[in-house]
Amino acid sequence: MEPGQEPAVGMVCAGAAEPRGDGCGDERPAWDNKVQYLLSCIGFAVGLGNIWRFPYLCQTYGGGAFLIPYLIALVLEGIPIFYIELAIGQRLRRGSIGVWMAISPYLGGVGLGCLTVSFLVSLYYNTVLTWVLWYLLNSFQYPLPWSSCPLDLNRTGLEAECQASSPVSYFWYRQTLNITADISDNGSIQWPLLACLAASWAVVYLCVVRSIESLGKAIYFTALFPYLVLTIFLIRGLTLPGAVKGLIYLFTPDVQILQNPRVWLDAATQIFFSLSLAFGGHIAFASYNPPGNNCEKDAVTIALVNSMTSLYASIAVFSVLGFKAANNHGRCLDRNILHLINAFDFPEQSISRDDYAAVLMHLNTTQPERVARLPLEVCHLEDFLDKSASGTGLAFIVFTEAILHMPGAPGWAVLFFGMLFTLGLSSMFGNMESIITPLLDMGIMRRSVPKEVLTGLVCLFCFLSAICFTLQSGNYWLEVFDNFAAPLNLIIFAFFEAVGVAYVYGMRRFSDDIACMTGRRPGLYWRLTWKVVSPLLLLTIFVAYIAVLAWTPLSYRAWNTQYARFPSRQEKSYPGWVQATCVLLCFLPSLWVPAVALVQLLTKRRRKQDPWQDRCLKLQDRGAS
């Protein structure tokens with residue numbers, strides 16, 4: 001039967017043979033139980049972005065108002081595409097390459113593209129875990145190494161760079177990254193980071209060495225431990241002064257901001273990447289399910305758990321950040337109070353923080369000239385709450401500084417970085433399955449070669465490829481990969497997934513498959529989103545994303561101690577060769593789609609020109625079956 005031809009109702013369940021799960025004909029492995037599968041999917045979907053990107057977007061785009069476009073994107077884009085991946089993986093019982101080759105040989109490039117993106121993402125994602133591991137190891141000491149500035153080389157004073165910035169920033173940019181001032185200056189390999197990189201890849205290998213047989217055991221800890229730590233931080237954070245102000249600031253809705261198109265674009269892309277769509281990992285995980293598993297229920301459950309985790313993490317994170325902001329606001333007031341006491345000869349402790357505003361107003365009225373000469377700072381709590389960040393800035397600077405102000409800081413640091421490591425590790429399981437499962441299905445190695453060897457070779461190759469991120473310029477290159485390697489490619493692949501299933505595989509055929517697996521055919525909501533809404537929404541996101549890339553200058557922010565406005569980071573344009581690399585990363589994985597389709601088309605034309613060869617191939621296929 002041709003890929004686009006639709007069978008009669010019931011034919012899929014009653015008459016079609018189950019496709020083989022791998023290239024060797026071995027029986028496909030299976031999950032020990034349903035909990036392992038659900039935790040693996042949740043662990044893959046719930047990653048670092050739920051902790052350090054969603055709270056930032058929610059705070060930046062109108063607090064509670066951001067949830068409106070977020071939930072709309074979840075319903076119209078996230079859950080439908082997620083359901084497609086789970087259903088098609090479970091039905092065809094193959095990895096991403098095998099699934100799309102089975103649907104249509106012309107779509108084989110989608111699977112290869114997913115594998116390529118997963119490889120590129122694994123390189124820099126595990127590098128982030130390298131930094132987390134480095135901070136985790138440095139957390140087992142008191143005081144924490146980023147709590148104060150170190151002595152200079154002459155041991156006569158403190159490091160000038162640290163004094164000009166802060167101990168937290170100095171530990172991150174100088175003692176951890178030892179970063180260069182320009183992306184063109186690669187610098188040397190940072191050996192402590194290289195050792196942590198090797199350790200991170202060793203941990204990943206030990207967990208995925210036997211695919212779901214080993215990661216299914218590790219996932220109980222890596223998926224559940226972050227929830228335990230988030231709960232601990234939430235309980236502790238809500239008892240800290242300023243926590244409520246942080247949460248009010250986070251969720252106070254600003255409906256006017258919804259008029260900004262960028263809010264809707266960021267909400268749609270956040271849902272997309274938060275669920276880890278189009279990587280191929282969920283297809284791989286679902287391929288190990290029994291054919292009768294209710295994948296519809298799984299898709300809705302996992303998607304809702306992922307979104308609720310983002311909200312839960314936001315409350316925990318901003319309760320602590322609210323405490324940090326209140327602490328810094330109080331210190332700002334104390335410095336101003338000290339200036340007033342010294343300038344006007346007030347008694348010690350005669351002005352409290354609560355009285356500061358009234359005293360200042362009185363002095364401005366009675367002695368404005370003397371007040372104007374004082375170096376008073378502007379102390380608004382909102383300004384300190386605005387100093388939140390996303391990504392590594394939140395994890396290694398903002399939140400790390402907040403931990404310093406908490407009693408028992410080393411213990412909280414161990415919990416925080418331990419949570420980030422297990423959170424990222426469970427996402428790495430999905431990334432590695434996106435690579436290893438298709439390779440196993442393709443049968444690229446002999447049956448006599450153990451699965452552990454292929455897994456080891458993949459991890460070793462990834463480790464060697466990621467060494468470039470341990471250079472002094474590694475952080476700049478990680479930002480390049482993070483910004484350009486995945487986003488556009490994943491949008492393209494998700495679009496082809498929706499179109500491939502709805503129009504190439506056939507909606508009727510797909511509905512029959514779902515009826516076979518779940519016991520009922522998909523309703524109007526599913527069929528409408530698969531055929532119309534999701535493809536159109538993805539196409540709109542693609543166009544909008546291209547427009548944003550075209551209008552946004554290709555630049556980066558460098559840590560340059562010679563910059564006039566240091567410690568602010570210097571805005572620099574990427575050199576031409578780096579800009580070319582950015583463009584290449586944007587489209588390279590997607591080039592698999594037209595390349596494979598062209599090869600298939602040329603092969604088909606060649607067979608038409610040589611009918612005897614085509615007849616021989618058909619006879620060989622019959623003999624094999």
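Any Cβ shown, glycine's included, is placed from N, Cα and C.
Annotated features, as they stand in TrEMBL:
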- GLY43, ALA45, VAL46, ASN50, SER274, ASN306, LEU423, SER427: Na(+) binding site (BINDING)
- 37-55: transmembrane segment (TRANSMEM)
- 67-88: transmembrane segment (TRANSMEM)
- 100-125: transmembrane segment (TRANSMEM)
- 191-212: transmembrane segment (TRANSMEM)
- 224-251: transmembrane segment (TRANSMEM)
- 271-288: transmembrane segment (TRANSMEM)
- 300-321: transmembrane segment (TRANSMEM)
- 412-432: transmembrane segment (TRANSMEM)
- 453-472: transmembrane segment (TRANSMEM)
- 484-507: transmembrane segment (TRANSMEM)
- 528-554: transmembrane segment (TRANSMEM)
- 574-599: transmembrane segment (TRANSMEM)
Using the CB centroid of GLY43, ALA45, VAL46, ASN50, SER274, ASN306, LEU423, SER427 as the Na(+) site centre, which other residues of the same chain sit with their CB within 8 A?
ILE42, PHE44, GLY47, GLY49, SER276, THR309, SER426
Please tell me whether the transmembrane segment (37-55) and the transmembrane segment (300-321) touch - that is, whether there are at least 3 C-beta pairs under 8 Å between them, with each pair 6 or more apart in sequence.
yes
Within its own chain, what residues at least 6 apart in sequence put their Cβ under 8 Å from the Cβ of SER274 (Na(+) binding site), listed in sequence order?
ALA45, GLY47, GLY49, ASN50, PHE54, GLY78, ASN306, SER307, SER310
Are there any residues in the same chain, six or more apart in sequence, whose C-beta is under 8 angstroms from the C-beta of LEU423 (Na(+) binding site), and if so which?
VAL46, GLY47, LEU48, ASN50, ILE51, THR222, PRO226
Sequence-remote contacts (6 or more beyond its ends) of the transmembrane segment (271-288), Cβ cut-off under 8 Å?
21, 28-31, 37, 40-41, 44-45, 47, 49-50, 54, 70, 73-74, 77-78, 81-82, 85-90, 92-96, 99, 111, 114-115, 117-118, 121, 212, 295, 302-303, 306-307, 310, 427, 430-431, 433-434, 437-438, 486-487, 490-491, 493-494, 497, 541
Long-range neighbours of the transmembrane segment (300-321), counting only residues six or more past its ends (CB under 8 A):
38, 41-42, 45-46, 50-52, 54-55, 58-59, 70-71, 74, 78-79, 82-83, 227, 230-231, 233-234, 236-238, 240, 243, 246-247, 249-250, 274-275, 385, 388, 394, 398-399, 402-403, 406
Using a cut-off of under 8 Å between C-beta atoms, tell me which stretch among 224-251, 453-472, 528-554 contacts the transmembrane segment (67-88) the most.
528-554
Could you give the residue numbers and ranges of same-chain residues that sit at least 6 residues beyond the transmembrane segment (453-472) on either side and whose C-beta is under 8 angstroms from one of its C-beta atoms?
119, 122-124, 126-127, 130, 177-180, 185-190, 193-194, 197-198, 201, 204-205, 208-211, 432, 435-436, 439-440, 444-445, 478
Among the binding-site residues listed here, VAL46, ASN306, SER427, whose Cβ has the fewest other Cβ atoms inside 10 Å?
ASN306
Same chain only, sequence gap of 6 or more: which residues have a CB within under 8 Å of the CB of GLY43 (Na(+) binding site)?
ILE219, THR222, ALA223, SER426, SER427, PHE429, GLY430
